[in-house]
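To start, I am sharing the structure in question, which I have written as structure tokens.
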Amino acid sequence: CYHCALNMQEGDPAVYAERAGYDKLWHPGCFICCTCGELLVDMIYFWKNGNLYCGRHYCDSERPRCAGCDELIFSNEYTLAEGQNWHLKHFCCFDCDCVLAGVTYITVNDNPVCKSCYVKNHAAV
């Protein structure tokens, strides 16, 4: 088995993945996504750099995912803020929803807030 390295016994069910090459077989329970462990038997699988992936984690290896909407970001313009990727329109002020990409903001309780909302709602008077 390519995953667990145990010998396949004659008569044992085995999974063959054409994209992985003719020399690799898996026990059905070992044919899993390398990231999340999802069982890929009877599912669409992806093969990349010697690893099996479910659809979600293969796509995550190709494109960033927006922290605001959980969708893949296909645009070349996006922002990286607070250690996460965001569509430009999804990185917004927690109080007023104005877009914060490219502008100064303040973090209040782990939430981004624009300067005017910070002064209006959070600053000590």
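Each residue, glycine too, has its Cβ placed from N, Cα and C.
TrEMBL feature annotations, pasted as is:
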DOMAIN    1-62  domain 'LIM zinc-binding'
DOMAIN    64-124  domain 'LIM zinc-binding'
Please spell out the DSSP helix, strand and coil residue counts for the domain 'LIM zinc-binding' (1-62).
14 helix, 12 strand, 36 coil
Mean pLDDT for the domain 'LIM zinc-binding' (64-124), as a whole number?
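Result for the domain 'LIM zinc-binding' (64-124): average pLDDT 92.
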Give me the DSSP three-state residue breakdown of the domain 'LIM zinc-binding' (64-124), ordered helix, strand, coil.
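Summed by class, the stretch gives 11 helix, 21 strand, 29 coil.
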